[in-house]
Amino acid sequence: MMQDVSSSPVSPADDSLSNSEEEPDRQQPPSGKRGGRKRRSSRRSAGGGAGPGGAAGGGVGGGDEPGSPAQGKRGKKSAGCGGGGGGGAGGGGSSSGGGSPQSYEELQTQRVMANVRERQRTQSLNEAFAALPKIIPTLPSDKLSKIQTLKLAARYIDFLYQVLQSDELDSKMASYVAHERLSYAFSVWRMEGAWSMSASH
């Protein structure tokens, strides 16, 4: 019986069954490979989608991050520009500070010279006003201010002009020769009211 079974030929149905059983086993690895490819492709697509987004996010984050190299360079440049501006301002301050003592000294010298000129002018005026009462005939009771002294000098000049232009110049020339007599005549002329009238004008 064993010889019959071993020697019996295999039927085509059994071959087809065995082949059909082997074919699914052979076909399974390709399906697994395809699934792996799909999974890999899906992972790649997901990674690629995340990649640009991550790159974009990284780009934005890199722009916002203070420690990025680009911003560090910009910060250094701005700091350098600010330092240069500060240096320029410092230089301007030093130049102005160097020029300020000269201008201050010039102003001081100008003020001193102006004060000297004002003192000289005041001194000369005081000397002139002190000399006028010696020339103009005055009364012992006169306590004249500078303006009154000037008015009295103007009236004395007017009196002398009237004396010189009078019709009786020849007959009265001898009586007005001496300075004392002129002074007396002027004093009388003042007391008669001419001085008060001229002072009122």
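Numbering starts at 1 and runs along the chain as it is shown here.
Positions of Cβ are set from backbone N, Cα and C atoms, glycine also.
If you check Swiss-Prot, you get these features:
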- 1-18: compositional bias 'Low complexity' (COMPBIAS)
- 1-106: region 'Disordered' (REGION)
- 34-43: compositional bias 'Basic residues' (COMPBIAS)
- 46-65: compositional bias 'Gly residues' (COMPBIAS)
- 80-100: compositional bias 'Gly residues' (COMPBIAS)
- 109-160: domain 'bHLH' (DOMAIN)
- 162-190: region 'Sufficient for transactivation activity' (REGION)
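The domain 'bHLH' (109-160): residue composition by secondary structure is 42 helix, 0 strand, 10 coil, according to DSSP. Confidence in the region 'Sufficient for transactivation activity' (162-190), given as mean pLDDT, stands at 61.
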